[in-house]
Amino acid sequence: GKVGTGRRPPPARVRVAVRLRPFVDGAAGANEPPCVRGIDSCSLEVANWRNYQETLKYQFDAFYGERSSQQDIYAGSVQPILRHLLEGQNASVLAYGPTGAGKTHTMLGSPEQPGVIPRALMDLLQLTREEGAEGRPWDLSVTMSYLEIYQEKVLDLLDPASGDLVIREDCRGNILIPGLTQKPITSFSEFERHFLPASGNRTVGATRLNQRSSRSHAVLLVKVDQRERLAPFRQREGKLYLIDLAGSEDNRRTGNQGIRLKESGAINTSLFVLGKVVDALNQGLPRVPYRDSKLTRLLQDSLGGSAHSILIANIAPERRFYLDTVSALNFAARSKEVINRPFTNESLQLHALAPVKLSQKELLGPSEAKRARGPEEEEIGNPELTASAASASQKLSPLQKLSNMDPAMLERLLSLDRLLGSQGSQGTPLLNTPKRERMVLIKTVEEKDLEIERLKMKQKELEAKVLAQEALDPKEKENSLTVHRPLPRRTVTGAKPLKKAVVMPLQLIQEQAASPKTEIHILKKRGRKRKVESSQVSEPVEKASEDCWELQISPELLAHGRQKILDLLNKGSARDLRSLQRIGQKKAQLIVGWRELHGPFSQVEDLERVEGISGKQMESFLKVSVLPVVPALPARPCSNSSPLPCRRTS
């Protein structure tokens, strides 16, 4: 867990140091001026490629010129962060720059001039030996792992046969690689025995710019585990990442082909994603593309994470490396703005002490233990011996009764108990339970028992009331049941088609109901036995006929309709005549003209005399014109087999 999770860890900016390597060819350096010039120990300037009369100035945490040694770089930038590992914090050192700029020389060096990795391991092992010496509160152990990222594959250099490994993240956000080999080391000779053969497994190749160009990113992981020897037995874990990045390459100058071209593409892609991660962190974007590359996924803790990070940007003085130098300096300037938040990885050691199993008598006080014993034990037991044993048990610590523990652990606990007892404290609250607290606890338990008994009594009273209510008079029970009995519902067997009926005017219905002689005739379909119902006939009359529709109308209503039509023919205008069925503008004008020549119509059938109106049209006119005068009558429900509509409207 994080130490001080209640407050946010203090920020720590990524520190950037720039190293300018000397000219590879001394004769070329004498004839050609460098494109980079140092101003002081923290700043430098580069010629502006747009205007050579101007210069671009950069300022970093440290600048090491051509005459700087390996010791200067290590002591000035790397050595100060090693102390954080003993505090349970993480640290990382990255070597960045174009191909041929001296990254591998800075990290590894040579037997005469060792680089950052051997110097850091030598000092770190010395620190762990001093801090983990006998009598110190912490016990320290160091392990190492060595891997490379080659064409987006994580390969274990200590065990090359393990194949491609996966990068995982645990629940606390720590990056880990399952299956990665870890070698414990206690001295620098052990480190060299594991590291030198593994370095030979790293992929290198020859290009036009470098005879031993690194074709992969190499990562050396050194883990420092600390365990506290005394209570509360805390654990700390600090990790040191020493990373030698492969250099960015311009294939036009390196002349890469085939497998070298593919390796160069993978290197440039991962470095491009690294630049995107730095830009996203500086801009405060909600998503940082750590997962877009195996390299950035592994560096998630170093950039924007919880590590003290040092970036060593290596540049070359030759003018042919000018664009690569400017690109590396721009990346270093952006990385300087990245903020990390280191914290201490500290946790408590679980199950450091074996669980103390005390008997029931030991958990109870003297009075409760006396009540728990039987009468025979009271007679046999000697009260003087019992009192002396009780006093001895009060003086001694419960930890002294543990016989199944590790002897070394038991000896340490007993020494701690004696140390606390020598300070003048009688019955320390850490190792003994005070009598007053025990009595308070017993009193609380008794109060809870009384509360449980009271609730049980209340529950019994409620049950008795329920039984009394159930033992009512049977009649009252039946009445109560009949009142609350639900009404029977009509079961619906299936969906039936909706019925359609012709709505009659309310006045006509009242008039027909008032006149006893009036019969309501219904339009029915003939062809099967149907019941013809009438308002006066109580018994149904069955009649059968052919399959057709029959209209039954009262003669009085028919005569009244004919008289009304005759009055309209004799007195109505052409506009009024057009309101009749089958009479349009032309026929209305013919009727008006005939009426002016021959006089009024004596009967409706005289319309046949009008020129342009045939006998068939006259019959159709009478059928259609008389019906609107007849009041609307209810119709029979629709039959699915009937091809005719069941409702006729005027």
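Backbone N, Cα and C atoms are what each Cβ position is placed from, and that goes for glycine too.
Per TrEMBL, the feature domain 'Kinesin motor' maps to 13-338.
Of all Cβ atoms in the protein chains displayed, 20 besides its own lie within 10 Å of the Cβ of GLY102 (ATP binding site). Taken from TrEMBL, the feature ATP binding site covers GLY97, PRO98, THR99, GLY100, ALA101, GLY102, LYS103, THR104.
Annotation comment: TrEMBL describes 364-400 as region 'Disordered'.
The compositional bias 'Polar residues' annotation in TrEMBL covers 388-400.
The feature coiled coil is assigned by TrEMBL to 445-472.
In sequence order, ARG21, ASN210, GLY247, ASN314, ALA316 are the same-chain residues whose CB sits within 8 A of the CB centroid of GLY97, PRO98, THR99, GLY100, ALA101, GLY102, LYS103, THR104, the residues recorded for ATP being left out. Cβ environment of PRO98 (ATP binding site): GLY247, SER248, GLU249, ILE315, ALA316, PHE321, ASP324, THR325, SER327, ALA328 lie under 8 Å away, each six or more residues apart in the same chain. Neighbour list (GLY97 (ATP binding site), Cβ cut-off 8 Å, at least 6 residues apart, same chain): LYS103, LEU245, GLY247, ALA313, ASN314, ILE315, ASP324, ALA328. Proximity of THR99 (ATP binding site) to non-local residues of its own chain (separation of 6 or more, Cβ distance below 8 Å) is seen for THR207, LEU209, ASN210, SER213, ALA246, GLY247, SER248, GLU249, THR254, given in sequence order. Long-range C-beta contacts of ALA101 (ATP binding site), restricted to its own chain and to partners at least six residues apart, with a cutoff below 8 Å, comprise ARG21, GLY247, ASN314, ILE315, ALA316, PHE321, ASP324, ALA328. When the binding-site residues GLY100, LYS103, THR104 are scored by other C-beta atoms within 10 Å, LYS103 scores highest.
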